[in-house]
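What Swiss-Prot records for 19-168 is domain 'Thioredoxin'. Per Swiss-Prot, disulfide bond is recorded for C61-C95. Positions annotated as active site, cysteine sulfenic acid (-SOH) intermediate by Swiss-Prot: C61.
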Amino acid sequence: MSQTVHFQDNPVTVANVIPQAGSKAQAFTLVAKDLSDVSLSQYAGKRKVLNIFPSIDTGVCAASVRKFNQLATEVENTVVLCVSADLPFAQSRFCGAEGLSNVITLSTLRNNEFLKNYGVEIVDGPLKGLAARAVIVLDENDNVIFSQLVDEITHEPDYDAALNVLKA
């Protein structure tokens, strides 16, 4: 099973299907800025926003990290996990230069299974192997309460929809 999104108006295929509201999030282990392994279970009891994107070195991806850094201050008991294939060094450099301290950057460096399991792996086109742009919101028990696979990778996600779910 696959989905189609667009990159600069050209269709690209995304493997599998993004988790839908009501489903249980799959466990994952990703790489933190200090190169340690971080698992979903480390955020047990907190709501999670998974801001997933191709690379922090693009304008739209960087804008999403900045916006979620701001929104993270508006909701309680919530962590924002910004997930990309970027090396942890690049993620850390970006957040340091931008003064962003309300989000946690995580890399798929040692776990490409995350992309497959979360239905965001681009399998053709110029961004093959990277993540499609998506936002997945989990409750305290890792149940999906919101998900959006952005149809055009060069567009920002629906921040208000994600925030409204957290404020409901």
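Every residue gets a Cβ built from N, Cα and C, even glycine.
Mapped onto DSSP classes, the domain 'Thioredoxin' (19-168) shows 45 helix, 40 strand, 65 coil. Counting neighbouring Cβ atoms within 10 Å of each of the disulfide-bonded residues (C61, C95), the lowest count belongs to C95. Looking at the domain 'Thioredoxin' (19-168) alone, the prediction's average pLDDT is 94.
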